[in-house]
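Here's the structure we're looking at; comments come further down.
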Amino acid sequence: MSWISPELIEILLTILKAVVILLVVVTCGAFMSFGERRLLGLFQNRYGPNRVGWGGSLQLVADMIKMFFKEDWIPKFSDRVIFTLAPMIAFTSLLLAFAIVPVSPGWVVADLNIGILFFLMMAGLAVYAVLFAGWSSNNKYSLLGAMRASAQTLSYEVFLGLSLMGVVAQAGSFNMTDIVNSQAHVWNVIPQFFGFITFAIAGVAVCHRHPFDQPEAEQELADGYHIEYSGMKFGLFFVGEYIGIVTISALMVTLFFGGWQGPLLPPFIWFALKTAFFMMMFILIRASLPRPRYDQVMSFGWKICLPLTLINLLVTAAVILWQAQ
């Protein structure tokens, strides 16, 4: 068959990788929502969801059916186009951010030379979804939550990007595969410990997870910028949040903990185990820490995280220049 060229085979293999990896990411995000409720019940000495299926194993299926059949209601005075577009942008931007993550040698959807810049671009695109949702809902709580979320996300994305510059300087590349290969002897978490701490804090803030969930604070804003959403539109926001957790956890593993590298076990297993550990940390943080005031969150970012990232970057640059002499 002369029409089957090597280029076509390469394109088909890339599409297959994309479908497999993205389906796994969506599935992990969905199962994390169930696992979080079970673990929070364990941490708080109460029962989690345990009524549907054996030990609550079918709770996720029940939630999906319930959400699918809920009324897809749009407020009367909202901007219908932007209101509908917002959850789609939120879901796809967070999903596309995972495309640059190499889960094992040769298994990456988009092996870009500007991989880290692509991730930061997708993280910035998610801000538009929040602003669109808050403004188009024509609800004061929704708008206030969107303003909080956009200010918080844009602030912490500064620290998110600066915390990665030390890793980029050490690896000499923005390519994620090159960064993983540069950690063959020493993981970046050792020389870039303060960069990792800042990236972890900023990652939690960008995902709007507890204790940085002020944009969705139920006690203050009645669920924030997606208060008017229901049905599958709310489902896209809901699953998108957990996909963001999976993506940030995978990036922590890739950038600071050697990616797929490890002894004995296959590379994909090492990557999955490391990522699952950091996903567990997200849940443990939610169960352990109180929610600070919004002004405290912003003050912490600009007065502590920013100086820490700048000091880390200056020290990294000084060490690289000293080694080059």
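Think of each number as a place in line: the chain as shown, counted from 1.
Using the three backbone atoms N, Cα and C, a Cβ is placed for every residue, glycine included.
Long-range Cβ contacts of the transmembrane segment (11-31) within its own chain (Cβ-Cβ under 8 Å, at least 6 residues beyond either end) map to 60, 64, 95, 98-99, 103, 107-109, 239-240, 242-243, 245-247, 279. What Swiss-Prot lists as transmembrane segment is 11-31 (among others).
Residues or ranges marked as transmembrane segment by Swiss-Prot on the basis of sequence analysis: 81-101 (among others).
Taken from Swiss-Prot, the feature transmembrane segment covers 114-134 (among others).
Taken from Swiss-Prot, the feature transmembrane segment applies to 154-174 (among others), supported by sequence analysis.
The transmembrane segment annotation in Swiss-Prot covers 186-206 (among others) and is backed by sequence analysis.
Feature annotation from Swiss-Prot assigns transmembrane segment to 237-257 (among others); the stated evidence is sequence analysis.
Annotation source Swiss-Prot lists transmembrane segment at 265-285 (among others), citing sequence analysis. Among residues of the same chain six or more beyond the transmembrane segment (265-285), those with a C-beta under 8 A of the stretch's C-beta atoms are 28, 32, 35-36, 39-40, 43, 103-105, 107, 204, 207, 209-211, 245-246, 248-250, 252-253, 257, 259.
What Swiss-Prot records for 304-324 (among others) is transmembrane segment, and it gives sequence analysis as the kind of evidence. Through the fold, the transmembrane segment (304-324) approaches residues 156, 158-159, 162-163, 165-166, 169-170, 191-192, 194-195, 197-198, 201-202 of its own chain, all at least 6 residues removed from its boundaries and within a Cβ separation under 8 Å.
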Beyond the flanks of the transmembrane segment (237-257) by 6 or more, those residues with Cβ under 8 Å of it: 25-26, 28-30, 32-33, 67, 87, 90-91, 94-95, 97-98, 101-103, 119, 126, 133, 164, 167, 176, 179-180, 183, 187-189, 192, 195-196, 199-200, 203-204, 206-209, 226, 229, 271, 274-276, 278-279, 281-282
Same-chain residue ranges lying at least 6 outside the transmembrane segment (114-134) that approach it to Cβ under 8 Å: 82-83, 85-90, 93-94, 96-97, 99-100, 142-147, 149-150, 153-154, 157, 160-161, 164, 168, 174-176, 206, 215, 224-226, 229, 237, 244, 251
